[in-house]
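Have a look at the structure below, then the notes.
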Amino acid sequence: MKRKICKALICATLATSLWAGASTKVYAWDGKIDGTGTHAMIVTQGVSILENDLSKNEPESVRKNLEILKENMHELQLGSTYPDYDKNAYDLYQDHFWDPDTDNNFSKDNSWYLAYSIPDTGESQIRKFSALARYEWQRGNYKQATFYLGEAMHYFGDIDTPYHPANVTAVDSAGHVKFETFAEERKEQYKINTAGCKTNEDFYADILKNKDFNAWSKEYARGFAKTGKSIYYSHASMSHSWDDWDYAAKVTLANSQKGTAGYIYRFLHDVSEGNDPSVGKNVKELVAYISTSGEKDAGTDDYMYFGIKTKDGKTQEWEMDNPGNDFMTGSKDTYTFKLKDENLKIDDIQNMWIRKRKYTAFPDAYKPENIKIIANGKVVVDKDINEWISGNSTYNIK
């Protein structure tokens, strides 16, 4: 929040100075705001691969949903490039990185990073946007759902690159941008058209075995990220040759396309079968996705909290305070809350609320637009608020 101005300034200084001299493009696979570039190629080929690999035994509902997805292909492409242009994003793209061996992005693992560590990672972003996509799809909002799915696949593509799962940034190596430019310029020759099997064979069949969506998604992503990280050290650093880079781009871009096809296959089965990833699962964490109104002065610098009360009367509350500026007019902010009692089911939570506490004697009013709460890969609360919250106030959302 703005009140933590010192570290915000540190982060801003890093953003302007550490990336200087490398490039203004500090993200992973290239992508343009109009839905073109390497990221868009990956998702487009992912759908094409799945269509080519579809077994004749696939349920009609899956086929129908695949057709709906194809009808919204441009939204998938736009979503796949949007995270690199999102005005709400972290300046250093910290949440686009994920080391599959440490479960961290570079803000926790790299010694040169002196500002706040960022809890979100490329892997957690995949799960968040997949949950939002599934929720909107089941409501019939296919356009928005497909855009969210594209965002999820952006992060999946990021953690398949050699540099992002190795937590090697443009600060650590000039090769970060150079390699991804190399891949972008040659992306057409790295296209694949099949995962090498039909959807009733091992690769796709294994994708459907684990009904715990969060657990499946994390381990599925981990497998591809480990390959990308290994390729960085064996073929993609600045010490490697052009032939090595060609091999690295060929392998990791093929993995991105194949992995995307598999992820979309899981998504289509989940929405076609009405799978509820949260049934019977203990809730270890809650993810809040909060939209602040775009109305003038809707944001706040006051303290903001999220709390729950369980049926046995116990309460837990967390401060919502991301590094830098959050709760700004028109912003969308994400917060992850770890529960003390890991044996809770979602139905054990009786009440949820957000609370505002004055930071100064002259508090801001705050106008949230919407809040969604995600548990175990499912949106369990979707609350339109659109009310001004003034002073020291509590707003119940459940």
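Just so you know, the numbers here start at 1 and follow the chain as drawn.
Cβ coordinates come from backbone N, Cα and C, glycine included.
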Which residue range, 95-103, 104-112, 275-283, is the one Swiss-Prot calls region 'Linker'? 275-283
For the Zn(2+) 2 site that Swiss-Prot gives with H176, E180, which of H154, H164 also belongs there? H164
Within 10 Å of H39 (Zn(2+) 1 binding site), Cα to Cα, which of the binding-site residues H154, H176, E180, D321, G324, A365 are there? H154
Excluding its own, the Cβ atoms lying within 10 Å of the Cβ of G299 (Ca(2+) 1 binding site) add up to 24
If you compare CA-to-CA distances from W29 (Zn(2+) 1 binding site) to each of the binding-site residues H154, N322, D326, which comes out shortest? H154
Across all chains shown, how many C-beta atoms besides its own are within 10 angstroms of the C-beta of T300 (Ca(2+) 3 binding site)? 25
Distance between H176 (Zn(2+) 2 binding site) and G324 (Ca(2+) 2 binding site) at the Cα atoms, whole Å? 25
Are there binding-site residues among D158, H164, N322, G324, D364, A365 that sit within 10 Å of D301 (Ca(2+) 3 binding site), Cα to Cα? If so, list them; otherwise say none. D364, A365
Run through H96, N322, D326 for me and report the binding-site residues whose CA is within 10 Å of the CA of G299 (Ca(2+) 1 binding site), in sequence order. D326
